[in-house]
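Trainee: In case it helps, TrEMBL gives these features for our protein:
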type	residues	note
ACT_SITE	Asp54	active site
ACT_SITE	Asp270	active site
DOMAIN	36-392	domain 'Peptidase A1'
SIGNAL	1-21	signal peptide
Amino acid sequence: MKITQIQILLSLMIILPYVSSTQNYTALVSLITKDTITSLYTMKLDFNESYVIDLSSPFLWYHCPKVRYPRVSSLSSHCSQARSYYHLSPSLCTRPPKSSSTSCMVTPVNTVTKRCSSAKLTYKDLIIYWTDGRSPTSVNIFSHVYISCAPKSLLRSLPTGALGMASLSQSQLSLTTQFSSEVKKQFSLCLPSTNATPGVLFFGVGPFYMMPPTPFDVTTILSYTPLIKNLKALGYYIGLTGISIGGKRIQVPKGTFKPDRRGRGGVKLDTVVPYTALRRNIYDKFLEEFVNATKGVPRVKSVEPFDLCLNSTDLGYTRVGYGVPQIDLELANGKNWTIFGVNSMKQVNDEVACLAFVDGGEMADHAVVIGSFQMEDNFLMFDLVESNLGFSSTLYFIRTSCGNFNFTTSN
């Protein structure tokens with residue numbers, strides 16, 4: 001009988017004890033669910049509350065209950081921190097209304113719809129599981145986690161049942177920072193490619209084991225590249241020197257992938273963008289090279305938002321997806337993040353697969369935005385202490401996936 005995610009959560013609620021100390025555990029864990037309608041991913045907090053995972057927003061927000069909720073003083077440091085992020089999205093948000101002595105007014109942003117609102121900062125207790133890296137072990141309660149209220153209208157375009165958005169950014173009020181009182185300021189993201197089994201999100205340090213056939217510590221196969229500071233944004237950026245397709249580098253001017261002095265450009269990772277978007281001058285060369293590399297495969301009519309679609313029945317299939325030329329993101333420190341068919345070709349119907357990269361436009365804010373499809377079933381470790389990104393490429397190479405963490409058993 002198939003075990004549902006609800007059954008997993010209910011069993012853990014019964015089995016696992018509540019604790020307020022680390023008990024020598026060095027990591028926290030939450031399951032990740034993919035919503036196939038919106039292509040967004042939610043994490044679980046408080047057993048059954050779903051929050052959309054976002055790498056760029058300044059703080060958590062949710063639709064507060066109508067009952068009375070705690071207020072945060074405008075004189076507090078947390079209020080000052082929350083209000084200080086307004087300048088990062090001035091085109092979306094009006095300046096936060098003036099706070100009173102008993103309440104702090106802030107501007108939560110829906111990064112999917114690019115809509116903003118004014119609301120009050122509050123705090124609440126959040127429950128999340130400890131893990132020994134193999135399975136959930138016991139339950140921890142974080143008290144006074146700061147979170148913004150938001151009107152119901154801000155939930156538009158989020159998955160059904162999502163209460164709000166969970167910030168995993170570098171801000172002082174992100175979950176990553178607020179959980180760092182008990183674990184290292186680091187999180188690891190493993191997005192599932194299906195809604196049939198949950199992916200996994202860790203806060204803190206490993207080892208982290210995936211099944212089957214035997215538990216395997218995925219941190220042992222990671223390559224690393226520095227995270228690039230962008231003083232104009234809270235998201236995560238990496239250095240890129242080029243892109244190769246089938247071993248052949250696309251021809252773009254030197255410095256194409258670097259951000260300018262105003263913070264525009266650069267290469268960003270974004271979980272609310274479904275497919276990697278390339279600025280048009282990069283995309284045109286990228287598409288041209290991929291077309292040349294697959295010229296022996298019959299074309300079919302394109303399917304939005306994609307420009308190149310192939311007859312998938314004429315593509316061979318391997319352990320790592322369709323047998324198309326590999327795409328290498330050539331990183332600034334000499335490492336390659338290799339993208340194989342499973343993360344480059346999107347199956348749109350039984351006989352058609354499309355190149356899952358899109359045109360970001362001539363005036364795109366970034367040179368490249370790495371989208372969630374390219375992250376699926378890749379293990380990504382964001383180390384905010386050392387300012388490094390660990391990455392695995394597809395886990396299919398080691399015969400596992402992001403859906404293979406053991407959520408069903410306990411120590």
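Placement of Cβ uses the backbone N, Cα and C atoms for every residue, glycine included.
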Trainee: I want to check the contact list for Asp270 (active site): same chain, sequence separation of six or more, C-beta distance under 8 angstroms. What comes out?
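Mentor: When sequence neighbours closer than 6 are ignored, Asp270 (active site) has Leu55, Ser56, Gly235, Val369, Ile370, Gly371, Ser372 within Cβ distance under 8 Å.
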Trainee: Show which residues of the chain containing Asp54 (active site), separated from it by at least 6 in sequence, have their CB under 8 Å from its CB.
Mentor: Thr111, Met165, Ala166, Ser167, Leu168, Ser169, Thr271, Val272
Trainee: If you average the pLDDT over the domain 'Peptidase A1' (36-392), what number do you get?
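Mentor: Looking only at the domain 'Peptidase A1' (36-392), pLDDT averages out to 93.
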